[in-house]
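Q: Quick one: this structure, given as structure tokens, is what I'll be asking you about.
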Amino acid sequence: MSACQTPIIVALDFPTRDAALKLADQLDPKLCRVKVGKELFTSCAAEIVGTLRDKGFEVFLDLKFHDIPNTTAMAVKAAAEMGVWMVNVHCSGGLRMMAACREELDKRSGPQPLLIGVTVLTSMEREDLAGIGLDIEPQEQVLRLAALAEKAGMDGLVCSALEATALKTAHPSLQLVTPGIRPAGSAQDDQRRILTPRQALDAGSDYLVIGRPISQAADPAKALASVVAELA
């Protein structure tokens, strides 16, 4: 497998295997990793992960597990056995849930995926949190959940780039994965707390998840190359 040389993760947000692989075939695994989310995984199951790995890609399995500790830990174990590079769980599942996942991965003798916690979804603003009983700013909730994640031994966090600087300051050992990345001139779509790729790295993000600006471009390879050039 070719080691990726950039922090870019391209989101394969498609409903079918054929559509996802059509995009993957236009991308260079040395220039990006790929993310498999709920829609594609539900459609294709584990087979899509194996196919992408065979093409040389490191795979971020973005299923955001959230259940009782044992159930979530077993799901993370199954993801590791697929050979994924990164897997995530919701920090709001609590300390015991995250710690159970860490413990399960630490039992493995082979390669371990990065275990990443999801803090506050980048589509959520203060009024969204208020609707679920949290009358606080998203950034405050992110910091609360980050402290739990570090205590549980997580490798990193999914967070908005707008929270990255504060998180790196408070938790420098955690790797930060940032969705909602939009190259200059791109539409915001349904993401709200967003920055450009360069702004996100400068803020402290370690990995950048980019979807539609690459996946819906007329020339995805050219769009990817443009982002790589922006980061050079």
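For all residues, glycine too, the Cβ spot is worked out from N, Cα and C.
What Swiss-Prot records for ASP13, LYS35, 62-71, THR122, ARG182, GLN191, 211-212 is substrate binding site. The active site, proton donor annotation in Swiss-Prot covers LYS64, and the record cites sequence analysis as its basis.
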Q: What count of other C-beta atoms do you get within 10 angstroms of the C-beta of LYS64 (active site, proton donor), across all chains shown?
A: 17
Q: In the three-state scheme derived from DSSP, which category covers PRO69 (substrate binding site)?
A: helix
Q: Once the DSSP letters are reduced so that anything not helix or strand counts as coil, what is LEU63 (substrate binding site)?
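A: The residue in question, LEU63 (substrate binding site), is strand (DSSP, three-state).
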Q: What are the non-local neighbours of HIS66 (substrate binding site), defined as same-chain residues 6+ apart in sequence with CB under 8 A from its CB?
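A: Expected: THR72, VAL89, HIS90, SER92, GLY93, MET97.
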Q: Any idea what DSSP makes of THR122 (substrate binding site), helix, strand or coil?
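A: SS state of THR122 (substrate binding site) = coil.
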Q: What Cα-Cα separation, expressed in whole Å, is found between GLY211 (substrate binding site) and LYS64 (active site, proton donor)?
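A: Between the alpha carbons of GLY211 (substrate binding site) and LYS64 (active site, proton donor) there are 17 Å.
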Q: For a quick check of understanding: among the binding-site residues ASP13, LEU63, THR122, which residue's Cβ has the most other Cβ atoms within 10 Å?
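A: The largest 10 Å Cβ neighbour count belongs to THR122.
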Q: Among all protein chains shown, how many Cβ atoms are found within 10 Å of the Cβ of PRO69 (substrate binding site), not counting that one?
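A: Around PRO69 (substrate binding site), other Cβ atoms within 10 Å: 18.
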Q: State the count of C-beta atoms found within 10 angstroms of the C-beta of GLY211 (substrate binding site), not counting that atom itself.
A: 20
